[in-house]
Amino acid sequence: MEFLMSKHEADAPHLLIVEARFYDDLADALLDGAKAALDEAGATYDVVTVPGALEIPATISFALDGADNGGTEYDGFVALGTVIRGETYHFDIVSNESCRALTDLSVEESIAIGNGILTVENEEQAWVHARREDKDKGGFAARAALTMIGLRKKFGA
C-alpha cells in the first residue's frame, strides 16, 4: 500500500505510541516495527504502556486532555496490541470496543491514529502479523498515522 505523505507535509511529527503488553513478545515485535517506521520517516515519539487493548483509547484521551492543560502535544498516535480469540465472548468485546473507541476518537477529535491492534484467531496468526519480515502491522500502523497527519495538514484541520 502506498501512503500519501511526503517528508515535507509532516516535518518531524511527534507521536505517542500506546502499546498494550498483554503478550510481551508480540508487543515487542509490534513496537519494533512501529519504531523502525517512525525512525525511517524522521519522526519523534514517546512510548507508554497499558495493560490491554481496552485501555489504549482512554490513554489517548488522557494525552489529549493533558495537551489541553499544557502537556505534550502529539501530532498523532499509534495504537499497538494483540487480542487473541479465546473460549469466551471477551475477544469480541475487546476487539470491537477498542476499534470503535479509536475510530470515535479519530473522528470526533480530528486526530491521526494508526490502529495496530491485532485481532487474530491464534498465536501463529499474531506472529505473522507482528513480525517485521512478515506483515509488519506495527510499521503499518505507524505509517498510517503519519499518512493521516499529512492529510490533516493538507486539509488544514
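Here the Cβ of each residue, glycine as well, is placed from N, Cα and C on the backbone.
Over in Swiss-Prot, the protein carries these features:
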- F22, A53, L54, E55, T82, V83, I84, N115: 5-amino-6-(D-ribitylamino)uracil binding site (BINDING)
- E87, T88, H129: (2S)-2-hydroxy-3-oxobutyl phosphate binding site (BINDING)
- H90: active site, proton donor (ACT_SITE)
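Rounded to the nearest whole angstrom, the C-alpha distance between T82 (5-amino-6-(D-ribitylamino)uracil binding site) and H90 (active site, proton donor) is 13. In the structure shown, across all protein chains, T82 is the one of the binding-site residues T82, T88, N115 with the greatest number of other Cβ atoms within 10 Å. When the recorded positions E87, T88, H90, H129 are compared by Cα distance to N115 (5-amino-6-(D-ribitylamino)uracil binding site), the shortest distance belongs to H129.
Just so you know, of the recorded positions H90, H129, the Cβ with the fewest other Cβ atoms around it within 10 Å is the one at H90. In this view, L54 (5-amino-6-(D-ribitylamino)uracil binding site) is surrounded by 18 other Cβ atoms within 10 Å of its Cβ, with every protein chain counted. Distance noted between the C-alpha atoms of T88 ((2S)-2-hydroxy-3-oxobutyl phosphate binding site) and E55 (5-amino-6-(D-ribitylamino)uracil binding site) is 20 Å. Rounded to a whole number, the C-alpha distance linking I84 (5-amino-6-(D-ribitylamino)uracil binding site) with H90 (active site, proton donor) is 10 angstrom. The Cα atom of E55 (5-amino-6-(D-ribitylamino)uracil binding site) lies nearest to that of H90, taking the recorded positions E87, H90, H129 as the candidates.
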